[in-house]
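Participant: Take a look at the following structure, please.
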């Protein structure tokens, strides 16, 4: 049976690019489109939330979210995402990728709508409800990481596998862009309907009552792309690799594969599971076994630590672009704008960065990853992120007078994050671990990344505060300039830990994990045994 199983896997590796590959990219990628929209749209409306719920009458500047509230609003979705990555990663290996793939989308749809309907008569009750729904939204988003990466990895052929997985992840860029575009459209519509003066002219009229609908509409729109792809996710068959290697039903794997891909696979074997004694010993080591530590321990450390370090820098930059732009003078002071105008201005700035830096970086990875390799792109990305962070930090005061130059340099850090470790840390864990542990290990790696995002979300908020004039409710920090130095050091550590991650370009999943060798060894043992 092992020989036929190898035949199924070889057919997958050698399959030509077909329409179903692109369909799988879109179906899996729309989950990441929604993930990015839901996670990052909150940064577009946090200033508005501060104005609506925390402005005090008679003060010279509009309200901002208190430190503990800002921590909760920015970080609670990441806590949910981390939890979801671990749980659904484990569940994807236990029950199969397909069985739990739809649950994540349903959670995302329900909780995106729930976030926009956050209710209450006091600021505390509204924010608490919002945080409740964003935790569970993050929980669903977390499941999408290991499942989407594993599914695309197991469907793809070995020649273009990197590009296919990168294309799924690249949908994050369009989700990010869509968040900015939706915020621009909604705020522009409200601005044209409700003309309001800047805060310093008339504090009360600068915040029309209808502004409360803006943030609710923006966060709820994230439910629609997820809902549109639910049907197609449910129509996807289980991956042939899971069925053959984990469920041990090679005949069913061949039949499932034939439904969606034009490949020729012999179906001479029985559809009964292979329960031979050697299977329980040669290829059944667990996650916490000495054998796993020997074969894949350093790999898991490498993928997890690299993702952790990357997300500290990446999410710090993404979530707090508005604060950095204000610090360098690219965004006007809050009191010179109305509440609606501020939403529009923040969305416009972040959309420019996404177009200039994020999206090109993702698609450069898609184009070059199967030529340059994962290791090279990740090493190069961390290196240039370090360089451009230092280039921003060392002449920091120059950039406060040269806003266009600052935006160009800042965009380049995003470009090399995405044409670099932000893409490769997602791809590699879906390739280098055994099929029965692949989703779990990807979930662990991704959860490590979200732990870094939590550090970035909370740490940057405090560290970037001015030494002499911190925001209300914050203690003095080390300032934006010194924070950029810290992020440069973190990126440099990423270079070092990348050395633990193997190159997977052009190799089959089973070659990387040794599963083909083990299957063949078991066949030989059964043939020579009396």
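Quick reminder: no glycine exception, Cβ is built from N, Cα and C everywhere.
Where the annotation comes from TrEMBL, it is an automatic prediction and has not been curated.
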Participant: Scan 466-483, 484-501 against TrEMBL and say which stretch is down as transmembrane segment.
Facilitator: 484-501
Participant: Between the transmembrane segment (441-464) and the transmembrane segment (403-420), do 3 or more CB pairs sit under 8 angstroms, pairs being 6 or more residues apart?
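Facilitator: They do not touch: fewer than three Cβ pairs between the two stretches lie under 8 Å.
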Participant: On the 0 to 100 pLDDT scale, where does the domain 'Major facilitator superfamily (MFS) profile' (24-506) sit on average?
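Facilitator: Value for the domain 'Major facilitator superfamily (MFS) profile' (24-506), mean pLDDT as a whole number: 87.
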